[in-house]
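Each remark here refers to the structure printed beneath this line.
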Amino acid sequence: MSVVSVSMPEELLERLDDFADDHGYTGRSEVVREASRNLLGEFEDKKLEGRELMGVVTVVFDYETTTVEEKMMHLRHEHEGLVASNFHSHVGGHHCMELFVLEGSLESISTFVGKIRATKDTLTIDYSVLPVDEFGGLADVS
């Protein structure tokens, strides 16, 4: 097995160690391997390929980190065909929350989420993806 080196803030490392201890992992490497497999598998779900999807992406960042807000604005414009709606809110005193509602293909949503994940200084990124056609019956009710 290859050995890799990963840089992360001390606080995240402490959380990783605590998580490993609390959940019975043998160490950091096992946690990172499982997290990596889960991350890579998130958008490899064959049931979603070729279907129209909707997604919600939530990003939280420190309000003083203006580079993140600028990046979010840039991504919103760069992916205007994908972003159906966008909402910005101030939360918790020192934080901003950016919420994106997306509608598009698995590939386009994957690309968008990947670009957000690559944005430096975000605190949390959360998302969910659902097929639009699963709600077709609800839309037909008169």
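Heads up, the Cβ atoms here are built off N, Cα and C, so glycines get one too.
What Swiss-Prot annotates here:
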type: BINDING; residues: HIS77, HIS88, HIS90, CYS96; note: Ni(2+) binding site
Just jot down the residues in the same chain as HIS90 (Ni(2+) binding site), at least 6 apart in sequence, with C-beta under 8 A of its C-beta; none if empty.
TYR63, CYS96, MET97
In three-state terms from DSSP, label HIS77 (Ni(2+) binding site) for me.
helix
Counting only other Cβ atoms and using a 10 Å cut-off, which of the binding-site residues HIS77, HIS88 scores lowest?
HIS77
With H, G and I counted as helix, E and B as strand and the rest as coil, say where DSSP puts CYS96 (Ni(2+) binding site).
strand
